[in-house]
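Asks: Per TrEMBL, pyridoxal 5'-phosphate binding site is recorded for LEU109, THR110, PHE137, PRO138, SER139, ASP140, ASP222, HIS225, TYR247, TRP277, ASN305. TrEMBL lists LYS248 with the feature N6-(pyridoxal phosphate)lysine.
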Amino acid sequence: MTDAVSELYSDTYAIAQDAADPLRDMRSQFLIPQHVGADQAYFVGNSLGLQPRGARAHVEEVLDKWAHEAVEGHFTGQAQWMPYHELVRESLARLVGAKPLEVVAMNTLTANLHFMMVSFYRPTRERPAILVEAGAFPSDRYAVESQIRFHGFDPATDLIEVQPDRDDGTTSMEAIERAIATHGARLALVLWPGVQYRTGQAFDLPRIVKIAHAHGAVCGFDLAHAVGNLELALHDSGVDFAVWCHYKYVNSGPGAVAGCFVHERHAHSDRPRFAGWWGHEQNTRFRMGPHFVPTPGAEGWQLSNPPILGMAPLRASLELFDAAGMPALRAKSLRLTGYLEALIRERLDGTLQIVTPADPAQRGCQLSLRVIGGRGLTGRDAGRALFDDLATRGVLGDWREPDVIRISPTPLYNTHADVLRFVRAVEAWRDG
Ligand SMILES: *Cc1c(COP(=O)(O)O)cnc(C)c1O
């Protein structure tokens, strides 16, 4: 064991792993930020993914088209703006395991969450409640709370938060099951994350859908930290809707246009929705009639003609996901994060505590790390000190209050050498 681990802790090993990586050429498709003349070890794809080299060309294509064709750009030449969202539809469907009819790129994440709740959160006096995780991402919590109030109900009784039940702050399937069973008759909606943003815990999504539906609730997912990270099978999961952003693991730039899934069974839904002209049936949209007829599927929830400049980098990014394929990316991700975990256990035992579940099926690429000691510091002080020190060494993670450093080796552009560099940087801080 000791021999095997010391082998892991060597440049030779890391370099050999990277050389044997079938996805090794993907990294050169990205612009890696520099730190004193060398590549950063960038582990913040969970927050803002790196820029694909192809993004600039797609953005410039739009700018050029605008310059030369102006309004005609909507209907002429390559990558016409009118059906521009269709250019990403098939790739997006592959990325999340959906049918093309079930996905659309539009708006931003929190906006899509609201628009989905307009249709899929239909509280009644008997069933007014929304069940979420305790410690949900603030925007999600604000959104559900404000929806409950908007319908005249009271978050104090109708927002049900499932508390983490394990010592490490993660939540067992049993706790979720118990909460849904306890409140089942009052639940209008179960909203759950694919991957918890602070702990990195990944959930058994089909099972959550099954339990929610068995108790008569609608089910939705926020996949902000799951999309481009895990292999998803949204159609088969049976979930009613899902929302996500594209600036994290999907590398489409700050504030990128977001994604939305509506299950095929709702493709012709007559549920209430907030409508806009871009959701109108395509063939008759420009007759400009007064009556809204929705386009079947997720596209029927569009409001506006989309921001073409904002959508352009998403095309570049999805080309890379198509080239690599999620199964290969996940396979590499398991190796890379497994390598990080093994090195932390071997080299940083008294320094870092891994919060994220050890079971690879219960996590994506991210490990959330609590700093338990080093340099005579403890708790939050140790965490902040290490975090700041890493940045001066060109090793970028991110900090989540109150005491977690998130390190997310992404399979598109991170390497085993990056991971080794992180571990050595922590050792240098601790021993320095
Ligand atoms: C990143 C993230 C958001 C951010 O919302 P925006 O509307 O894109 O600003 C919301 N919810 C979760 C769970 C996130 O991880």
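Every residue gets a Cβ built from N, Cα and C, even glycine.
Please situate the listed features within the shown structure.
Replies: For ASN305 (pyridoxal 5'-phosphate binding site), applying a Cβ distance below 8 Å and a minimum sequence separation of six or more within one chain yields TRP81, TRP277, TRP278. Look at ASN305 (pyridoxal 5'-phosphate binding site): DSSP puts it in coil.
The number of other Cβ atoms within 10 Å of the Cβ belonging to LYS248 (N6-(pyridoxal phosphate)lysine), over all protein chains shown, comes to 26.
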Asks: Out of SER139, TYR247, ASN305, which binding-site residues have CB atoms lying under 6 Å from ligand 1?
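Replies: If the test is a Cβ under 6 Å from any atom of ligand 1, the answer is SER139.
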Asks: Residues with Cβ closer than 8 Å to the Cβ of SER139 (pyridoxal 5'-phosphate binding site), same chain and 6+ apart in sequence?
Replies: LEU109, THR110, LEU113
Asks: Between PHE137, TYR247, which of the binding-site residues has its C-beta surrounded by the fewest other C-beta atoms within 10 Å?
Replies: PHE137
Asks: Using a 10 Å cut-off, grab the number of neighbouring Cβ atoms around the Cβ of ASP222 (pyridoxal 5'-phosphate binding site), all chains included.
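Replies: Neighbour count, Cβ to Cβ under the 10 Å cut-off: 29.
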